[in-house]
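First comes the structure, then the notes that go with it.
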Amino acid sequence: MGMDFSTLRTLISRYCVGEENWVDSRTIYIGHKEPPPGTEAFIQQRYPDNRIVSSKYTFWNFVPKNMFEQFRRVANFYFLIIFLVQLIIDTPTSPITSGLPLFFVITVTAIKQGYEDWLRHKADNSVNQCPIHVVQHGKVVRKQSRKLRVGDVVFMKENETFPCDLILLSTSRDDGTCYVTTASLDGESSHKTYYAVQDTKAFNTEEEVDSIHATIECEQPQPDLYKFVGRINIYMDNEPVARPLGSENLLLRGATLKNTEHIYAVAIYTGMETKMALNYQSKTQKRSAVEKSMNAYLVVYLCILISKAIINTALKYVWQADSNRDEPWYNDRTDTERQRHIVIRAFTDFLAFMVLFNYIIPVSMYVTVEMQKFLGSYFIMWDDEMFDEELGERAVVNTSDLNEELGQVEYVFTDKTGTLTENNMEFIECCVDGHVYVPDVICNGQVMPGATSMDMIDTSPGPGAREHEELFFRALCLCHTVQVKEEETVDGIKHGIHQGKSTSFYISSSPDEVALVEGMKRLGFTYLRLKDSHMEILNREDEIERFELLEVLTFDSVRRRMSVIVRSTTGERYLFCKGADSSIFPRVVSGKVEQVRARVEHNAVEGLRTLCVAYRPLSPEQYQEVCHLLNGAKLALHDRDKRLAEAYDVIEKDLILLGATAVEDRLQEKAADTIESLHKAGMKVWVLTGDKMETAAATCYASKLFHRNTQILELTTKRTEEQSLHDVLFDLSRTVLRQHGGMARDTFSGLSGDCTDYGLIIDGATLSAVMRPSQEDSNSGNYKEIFLEICRNCSAVLCCRMAPLQKAQIVKLIKASEEHPITLAIGDGANDVSMILEAHVGIGIMGKEGRQAVRNSDYAIPKFKHLKKILLVHGHYYYIRISELVQYFFYKNVCFIFPQFLYQFFCGFSQQPLYDTAYLTLYNISFTSLPILLYSLIEQHINMDILKKDPSLYRDIAKNSLLRWRIFIYWTILGVYDAIVMFFGAYFLFDNTTFTSNGQMFGNWTFGTLVFTVLVFTVTFKLALDTHYWTWINHFVIWGSLIFFVVFSLLWGGIIWPFLNYQRMYYVFMQMLSSGPAWFSIILLITASLLPDVLKKVICRALWPTTTERIQNADKLYKGHLSEFTPLASLHAPPKAGGHRRGSGNQRNAPNPRRSEPFSKKIMFTRWQRTPDYSTFTPLLRFADGSRFSKQGHAYSGAGPETSV
């Protein structure tokens, strides 16, 4: 079974849809002109039109398709079967009782999905009917977007959005370039440069473009936005000239033309084959732990239902075995039915009992849960505390199905750059041949205050080094993909950068590059522009230098470097290369390597991002060889990326080292506080980054992931070169297990002051070796298990030098571990998408690396600090609410149907219903549904501020603790008890045949109505007792639903309804209420039903209160202002012997200071030496000795006030 379904689907589409000549590439005739005779014959392929279809249904298939999807849900299908049984056989209840709730559920869902699909149709039509301009027969004609075909030449103007994927032929600019924004595709608002085909860029009119005679060969459509391989054959004098096409020539559907008057381009992918449409494919469905619990409970209740039906069927035939007892007269059985075979009669009776008891399965629970999740998600989006003014963005919910999963997270996997840090690069220093230069502090073009007078640290290089220094500055001004954006002044005149610095700024897809170019500007070398393939630089003497840009060897994450080849005005050719130290140093043959390496390591330890710069002069012969290599690789249609990588590898060698740069990526606001809160909440935080180990480790110290006393365990390539991987793993395993006596710490266990705090650092290469499948060597088979054992015993893990796929592998490994913990992945870039999709909950950050992470996530937040609120508050609330909702639904249905089961023992198992049809139908739909829905939306069992101040409360709901079998059984027993009290209470109270005031006796419908009235009031009061957060809406809905029940009952029994064929409920409710004993019974039975649950709560709160209950009691005492007055640590349950909470005073030392200024002031952290001010710093921790203060003074978990020295 090696072939997956996608492969099978592809093969079917190839061979069963008439595409016998299907190939891996396509040939497109520009303007639909066929190539001249004598060229290779080709069968024209069929391409789709440009119609976009994002809708799911059509007018004709909506009903059958929607019905099929809805009845795939077990509960819906079950109720359909019950409804059909009621129609087919003679059952005790009307088909309406199960048909109406089912119809209601199906109709509401169908209307919601139909409306959503109608909106999609509307959006599709507006796009498909959008007018576009196409060149035909030398003229520009207008047509609808949906009529566009592959091969059409399209004319686009500035600010227009591309209707399909296009190859750029020519532009209004002389250099054949155009600027494009791809914000709707990946969120990047920067202007990207695209290039026209060299041989067609001079064709600037409709007639000239129409005269182009060419074909394009390219790959078949695939969803990667950043990859394209093709070739254009231009026929001049019947001789084809081949030119390579890459992603720099491809304009994607949805992107917008900017700063360019007009362009001509040819359509190559249309409609559902465009890259944007191929990225529409839906993500795999994630299911929460609560949903799995619900399904398990449903199975249990289904078994209870079948058991009830079997017991009643068996007892019926035992009852009727006596010759004096027969089928009751009111069942109206015919002689034919009586004479049927006993097996058929028994099976029919079994189905009838199934129908009678089927309400124990709460079909409306699924609708209520869906509504709760859908409406509840708006509270996240409306949260003003998660609104970021700088970005102007709010939190976004892409998947409301996982709201409660936010309250169950055990592992958090976070990216570093752009997630923990701001991805806001600041040029700090550069080192040339060991000499260090520090310019004014540059941050996005702004000079930081207090730094204007700073000069270079070391400005005394010798005369020979002066040339190297200027070559280094020129290299950084040339080796990049930065664009210069010119702004218009107020009078509308454009100014160049050399006329006024304030009117221009740099744009790049990489913030590092902008920081480096701006840094060079402060050191005297200003990059001006790229014009006509020439890069212009303004040097220190204010002279403009021009370099011809010959080749760009683009950056990729595997090589981790980029290069440019330029020619100076004197004719010399240079290859300038910049990249990570690990990819540059091995390729260097000369230069002051040791001095530069020492500076790079020094900066990495301080948490700075470092790049090395090198160059290589090229002779004419070497340049010709380079051109030959690159052209051969670029023209390849197959394995182009592989051949380019091989060519780059050959070209980027024998380099001369110039120096290195250091750029700082500042920590995001409150990142350290957020990580510390997550730790206190019992979550393990792992940082997965592509950065080098030293830089990442420094960030981990600054963000309080690692602390001063954390013992760092290294599992890196450097260490595995000295020892075998097997030995290293076993050494680390012995180290961590020796400390804990061979017992692995539980995910939520704390760390005491006596217990060593371990942190693990692993790199990508070693992880690959650990993850490799078992080898023949018996020692290598169990590496994953040992690795997991080590990780479980570490408080924090840092994975550096990670590829995107490895991030997903790590998440998958933890998900599949023995405990099956709930995982959360958070990141801001395209390289984080794989782990976001793999984790149980994926969160995207609206950062500077595009919006791919946001688009693929379940939730999106503006900043990392908002993770604290979304988990500790929203996640906590949603889990509490939905847990109560699920348990309450099962409880109220047990209360509802168990009296019906007991009633059969008193009516000869005749399947006589206890309740009226209207009550059976409306119990779950109207009488008891709204109060629990409202509870599940607005309940706050603990004040929001307390949840934020005391993250350890999150531990109380860990591991799906509120939906465990013990609690489920308690609710079920409570439901059975209430049902017994209601039924037998009513039975014994009326055993003496109670009379009304006019002497009438109560009948069976009055008895059923009395039980039902007690039932509705009891389950509603039960919910009222469980409610902690009361608002006017709660009062309105809870008491309003009871009033509605009374009013409905009065109307239902007070009028003779002409459409009913029976009037058995006429005057029953009024007659019951006219009896004094009935009123007494109702009050007495409601009290007796609720009493045990109330007693249990009172006794448990008094004798064995949980942390949550202690805080609730204290908050009532302080009238909702507990968080302002009381040290919350004192409200925690006393620690068990040997179990200590992480974070005693002697553990938390100052983080490793980072450079936030070029000359950072030395920071000294001091501690309070007096009683803490609880209104300012609330201690949220328990300490090893149980006291509130440590011997050293205040035991506040973070660093104290900062003092400058």
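Cβ atoms here come from the backbone N, Cα and C positions, even for glycine.
Features of the protein shown, as given by TrEMBL:
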{"type": "ACT_SITE", "residues": "Asp415", "note": "active site, 4-aspartylphosphate intermediate"}
{"type": "BINDING", "residues": "Asp415, Lys416, Thr417, Glu513, Phe555, Lys578, Arg609, Thr689, Gly690, Asp691, Arg801, Lys807, Asn831, Asp832", "note": "ATP binding site"}
{"type": "BINDING", "residues": "Asp415, Thr417, Asp828, Asp832", "note": "Mg(2+) binding site"}
{"type": "DOMAIN", "residues": "854-1106", "note": "domain 'P-type ATPase C-terminal'"}
{"type": "REGION", "residues": "1134-1157", "note": "region 'Disordered'"}
{"type": "TRANSMEM", "residues": "74-89", "note": "transmembrane segment"}
{"type": "TRANSMEM", "residues": "296-319", "note": "transmembrane segment"}
{"type": "TRANSMEM", "residues": "350-369", "note": "transmembrane segment"}
{"type": "TRANSMEM", "residues": "918-938", "note": "transmembrane segment"}
{"type": "TRANSMEM", "residues": "968-990", "note": "transmembrane segment"}
{"type": "TRANSMEM", "residues": "1002-1024", "note": "transmembrane segment"}
{"type": "TRANSMEM", "residues": "1036-1060", "note": "transmembrane segment"}
{"type": "TRANSMEM", "residues": "1066-1091", "note": "transmembrane segment"}
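For the transmembrane segment (1002-1024), same-chain residues at least 6 beyond its ends with a Cβ under 8 Å from one of its own Cβ atoms are 888, 891-892, 895-896, 899, 903, 907, 912-916, 919, 923, 927-928, 931-932, 935, 978, 982-983, 985-987, 990, 993-994, 996, 1038, 1041-1042, 1045, 1049, 1064-1065, 1068-1069, 1071-1072, 1075, 1078, 1081-1082, 1085-1086, 1089-1090, 1093. Packing against the transmembrane segment (296-319) from elsewhere in the chain are residues 74-75, 78, 325, 342, 346, 349-350, 353-354, 357-358, 360-361, 886, 890, 893, 901, 904-905, 908-910, 968: each is 6 or more residues past its ends and has a CB under 8 Å from a CB in it. Take Asp415, Lys416, Thr417, Glu513, Phe555, Lys578, Arg609, Thr689, Gly690, Asp691, Arg801, Lys807, Asn831, Asp832, the residues named in the record as contacts for ATP: the widest Cα to Cα gap among them comes to 26 Å. For the transmembrane segment (968-990), the list of distant contacts is 297, 300, 887-888, 890-899, 902-903, 906, 1002, 1007, 1010-1011, 1014-1015, 1018-1019, 1077, 1081, 1084-1085, 1088-1089, 1092-1093: same-chain residues at least six beyond its ends, Cβ to Cβ under 8 Å. Cβ contacts within 10 Å of Thr417 (ATP binding site), excluding its own Cβ and spanning all protein chains shown: 27. In terms of Cα distance, the recorded positions that sit within 10 Å of Asp832 (Mg(2+) binding site) are Asp415, chosen from Asp415, Thr417, Phe555, Arg609. If you look at the transmembrane segment (350-369), the same-chain residues 6 or more away from its ends with a CB under 8 A from one of its CBs are 73, 75-76, 78-79, 82, 85-86, 89-93, 97-98, 101-102, 105, 108-109, 294, 298, 301-302, 304-306, 308-310, 312-313, 882, 885-886, 889-890, 893-894, 896-897, 900-901, 904, 911, 913, 920, 923-925, 929, 932-933, 936.
If you take the Cα of Asp415 (active site, 4-aspartylphosphate intermediate) and the Cα of Arg801 (ATP binding site), they are about 12 angstrom apart, rounded to a whole number. If you average pLDDT over the domain 'P-type ATPase C-terminal' (854-1106) in this model, you get 83. Asp828 (Mg(2+) binding site) and Arg609 (ATP binding site) are 18 Å apart (CA-CA, integer value). You'll find the Cα of Asp828 (Mg(2+) binding site) roughly 8 Å from the Cα of Thr417 (ATP binding site).
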